[in-house]
Amino acid sequence: MARRDTHRMDEDDVRSRANPRGTRPRSKHRPSHEDAATGTVFAVDRGRYGVRIDEGALVTAMRARELGRAAMVVGDRVGVVGDLTGAPDTLARIVRLDERDTVLRRTADDNDPHERVIVANADQLVVVTALADPTPSFGLVDRCLIAALTEGIEPVLCLTKSDLASPDEVVEHYAALDVPAVVTRRDEAPDELRALLVGHESVFVGHSGVGKSTLINALVPTAERATGSVSAVGKGRHTSSSAVALALPAGDGWVIDTPGVRSFGLAHVTADDLLWAFPDLEDGATQCLPGCEHLSGATGCHLDAWVAEGHSTPARLAAFRRLQVSR
Ligand SMILES: Nc1nc2c(ncn2[C@@H]2O[C@H](COP(=O)(O)OP(=O)(O)OP(=O)(O)O)[C@@H](O)[C@H]2O)c(=O)[nH]1
Ligand SMILES: [Zn+2]
């Protein structure tokens, strides 16, 4: 059961923090069109949405006025009416936005209260980092992991360019977090990673230049063409500022590519949000002083005693605290 606050609203007043491990979403917006087809938003550009209709065509759609301020993001499940043939120059209408299972969000920096929802309904976050060129940025990786863990999205570490450096140190660094790590290099097929993606909606994030496009092109051979067709969604100009969802060739799962990031603001994440992702530590914190940040040496932090009592391990507490400092 999720225990986090569900009262927070994202920028579009879409209720999105509801139980991420819960049951199927209910519609927030009451369907005004009983006959609407259901689909998934795979691209967004300048007020136009690319929607893959379930068992149907790829259509370009605009949102109906009745949706009010609600803005859809890649991964959203929506109801669509109108011309659903996907023929050139047709425009369908989104009349319903389903409640989100998860949202991946970030702020521009840590002092910025404005949250941006990047992707909806992803259940896996693949944090891509190069082992060299550029050297791994533990801070950025930590922040991506925090964003996933606090939203109930399963993180996966993907360590690229293993032809240039050994993965041992990085794997060791993250061992206590129990996050699966896969190692890739461009001259070998990413079979291990591919196996982890089957049946999932996986978002890929990473610093620019880590080899994310190389990886995605290996996973989805039609990726470049698909990304090109997204610019058709946005009236012909090229999209590079937003995410795009690509269907895996076997048809079982989605890969969502996002633009390279330099930073990952977490102004919206509290100490207790992060603790929620560590069920072995969470109960121990009920005995901390109010407002405890649970850092090492903090007066009144009960977590050291909790670990000494055998409820968790020093390595887990250290891993939690390292993320807590990164936050
Ligand atoms: N040595 C080595 N180089 C790689 C590997 N994978 C990618 N590269 C190179 O790294 C550079 C960046 O790769 P991209 O796939 O474009 O990286 P990206 O993360 O998509 O970067 P952006 O497009 O800026 O977001 C390119 O020159 C690639 O050829 C690898 O496994 N080993
Ligand atoms: Zn504490």
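Cβ atoms here come from the backbone N, Cα and C positions, even for glycine.
TrEMBL does not curate its annotations; it predicts them automatically.
As recorded in TrEMBL:
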BINDING   THR160, LYS161, SER162, ASP163, GLY206, HIS207, SER208, GLY209, VAL210, GLY211, LYS212, SER213, THR214  GTP binding site
BINDING   CYS288, CYS292, HIS294, CYS301  Zn(2+) binding site
DOMAIN    114-264  domain 'CP-type G'
DOMAIN    120-262  domain 'EngC GTPase'
REGION    1-38  region 'Disordered'
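Overlay of TrEMBL annotations on the structure.
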residue: THR160; record: GTP binding site; DSSP (3 states): strand
residue: GLY206; record: GTP binding site; DSSP (3 states): strand
residue: LYS212; record: GTP binding site; DSSP (3 states): helix
residue: CYS288; record: Zn(2+) binding site; DSSP (3 states): coil
residue: HIS294; record: Zn(2+) binding site; DSSP (3 states): coil
residue: CYS301; record: Zn(2+) binding site; DSSP (3 states): coil
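For the binding-site residues shown (THR160, SER162, SER208, THR214), fewest C-beta neighbours within 10 angstroms: SER208. HIS294, CYS301 are the binding-site residues among SER162, SER208, LYS212, HIS294, CYS301 whose C-beta comes within less than 6 Å of an atom of ligand 2, given in sequence order. Between the alpha carbons (Cα) of VAL210 (GTP binding site) and HIS294 (Zn(2+) binding site) lies a span of roughly 33 Å. Candidate binding-site residues: CYS292, HIS294, CYS301. Nearest to SER162 (GTP binding site) by Cα distance: HIS294.
Mean per-residue pLDDT, taken over the domain 'EngC GTPase' (120-262), amounts to 89. Residues VAL210, LYS212, taken from the binding-site residues SER162, VAL210, LYS212, HIS294, CYS301, are distinguished by a CB atom under 6 angstroms from ligand 1.
Of all the Cβ atoms in the protein chains shown, 23 others lie within 10 Å of the Cβ of HIS294 (Zn(2+) binding site). Of all the binding-site residues in the list THR160, GLY206, LYS212, THR214, the shortest Cα-Cα distance to CYS301 (Zn(2+) binding site) is found for GLY206. Around CYS292 (Zn(2+) binding site), the same-chain residues at least 6 positions away in sequence with a Cβ under 8 Å from its Cβ are ALA271, ALA285, ALA298, GLY300, CYS301, HIS302.
Neighbours of the Zn(2+) site: apart from CYS288, CYS292, HIS294, CYS301, residues of the same chain with C-beta atoms within 8 angstroms of the site's C-beta centroid are ALA285, LEU289, GLU293, LEU295, ALA298, GLY300, HIS302, LEU303. Helix, strand and coil residue tallies for the domain 'EngC GTPase' (120-262), in that order: 48 helix, 32 strand, 63 coil [DSSP]. The two recorded residues THR160 (GTP binding site) and HIS294 (Zn(2+) binding site) have their Cα atoms spaced 33 Å from each other. For the pair CYS288 (Zn(2+) binding site) and SER208 (GTP binding site), the Cα-Cα distance reads 40 Å.
Comparing the Cα of HIS294 (Zn(2+) binding site) with the Cα of every entry in GLY206, SER208, THR214, these being the binding-site residues, the smallest distance points to GLY206.
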